[in-house]
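Visitor: Per TrEMBL, the features are:
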type	residues	note
BINDING	ARG100, LEU106, ASN273, ARG363	substrate binding site
BINDING	CYS422	heme binding site
SIGNAL	1-21	signal peptide
Amino acid sequence: MIWTVLLLVLLYVLATHRSRSKNDPPLDKGLIPWLGHALEFGKDAFKFLNRMKLKHGDIFTVRVAGHYVTVLLDPHSYDEVINDSDSLDFARYAQVLMERIFRLRLPHHQSNKEKAMMKKHFTGMNLAALNSTMSRHLLALLKAETPQNQKHWKDEGLFNFSYGLLFKAGYLTLFGGEQNNNGSDPSRVYEEYKKFDGLLTKMARGTLKTDEKRTAHRVQQRLWELLAPAGLTEDDGSSPWLHGYRQLLQEEGADDDTQKKAVLMQLWATQGNVGPAVFWLLGYLLTNPEALTAVRWEFSHISQVETSDTPLVDRPVNTPVFDSALEETLRLTAAPFITREVVQEKTLHMADGQEYLLRKGDRVCLFPFTSPQMDPEIYHEPQKYKYDRFLNEDGSAKKDFYKGGRPLKYYTMPWGAGTNGCVGKQFAIDTIRQFVYLVLTHYDLQLCDPHAPMPEVNANRYGFGMLQPEGDLLVRYKLRSTHQH
Ligand code: HEM
């Protein structure tokens, strides 16, 4: 018996043994068999990748839980990965999570169709309709938070305030459901979703403890029940996008089980990032009075000529100061991995002339948070929030950033890039602008402790999109007297 086990272990080690050959990127397997660097990677990917970058440079291959992942950190070379759809299969954002959590893979041809369908629903006239529904829900939810004639301050954690309101408004806009209707009350969905989101990184890494596994199972069941009716019929109050997505799944023969998992992943992809982004933006504005004054000043010039409550919905408005403040926020807090699977051997040409071989079956991963976003060669004092970093002297949007003396095509990448970039980008920006406008012009909002610093980042979430804080930032708010309803 013992010999059989030893033989199996030996065969396994031989079969998975890998050494570096001449054209491979530097290989770092870590000390633990199979797991490799998985623990350090999961604990704080930013720190780990910075350590590897110092040791190996801008490209290296690490072993992570049985997979070999080649990490590329030179933004001048990112197009080699982003634009190659022949050798590299895009492992999509939500798709990667679906696979890890549910062991479920949708066929590739479906994802191409899905992408086209999504683009259609999130641009042009459809976007205008989404914006106006979203704005209606945001106003109603904000009003519900501050009962009529309330003259007193209301205290709340800024993260909970932002995530809660934006999740609920986004859910009502895209998934339907009604306020105070038991079946699909957005507050109930939010409560369950928050628990799901809290366990998400552990689910994806397979590191749930026994009791957490039970909670995760229960929460998923509840969310599936709550989401079950969403998008099934054209007139159920959900968006045409969700209905179209359901139809596509059905045409492809996806069974009920697959559909419910896919719809849950879409809830995560569409609602998981905007709330946290608004939290960081409002947090940075509140802790940087100069930035807050500049954005307020810009907004006040819009509201002087407008009478409607939601002037930003009907037509495009030029808000370069706000745009820069948002871009700077996302530079500091958007940290997705851009991942691809190598489906056929590929020679990767680095911008500096070096060439490396990518092996079939491996993964390639870009982490734009490390570079360009936090790269001191590109951004002076990269840890600091400077609201006007993306503004030129003349007030126009600044787009020229350099590394190694050469202009960068990708100087921040919160939305991913290329054909696989975020389809909801414009909708997300419009929503954030709309919400921040409402809060800053209709409400008085301040820090409970005027000297409170921004909370630290939860380091487990590097790679999962928008970062989230460790703890919260306490704020208080009340309706401005000129806007008492
Ligand atoms: C601040 C807000 C947001 C950020 C930072 C963000 C970022 C991203 C990123 C980085 C990706 C992956 C791109 C890639 O893999 O190369 C993505 C995908 C996607 N985003 Fe966004 N996003 C945001 C908001 C939204 C919103 C509001 C929607 C829709 C209403 C949306 C819909 C999607 C969809 C459908 C995908 C594709 C997911 C899939 O793989 O199936 N996103 N987003």
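Each Cβ is built from the backbone N, Cα and C atoms, and glycine gets one as well.
Help me picture where these features are in the structure shown.
Guide: Annotation note: ARG363 (substrate binding site) sits in a strand segment as assigned by DSSP.
Of all Cβ atoms in the shown protein chains, 20 besides its own fall within 10 Å of the Cβ of CYS422 (heme binding site).
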Visitor: From the Cα of ARG363 (substrate binding site) across to the Cα of CYS422 (heme binding site), what is the distance in angstrom?
Guide: 20
Visitor: Quick one: give me the count of other CB atoms within 10 A of the CB of ASN273 (substrate binding site).
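Guide: If we count other Cβ atoms within 10 Å of ASN273 (substrate binding site), we arrive at 23.
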Visitor: In the three-state scheme derived from DSSP, which category covers CYS422 (heme binding site)?
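Guide: The three-state answer is coil.
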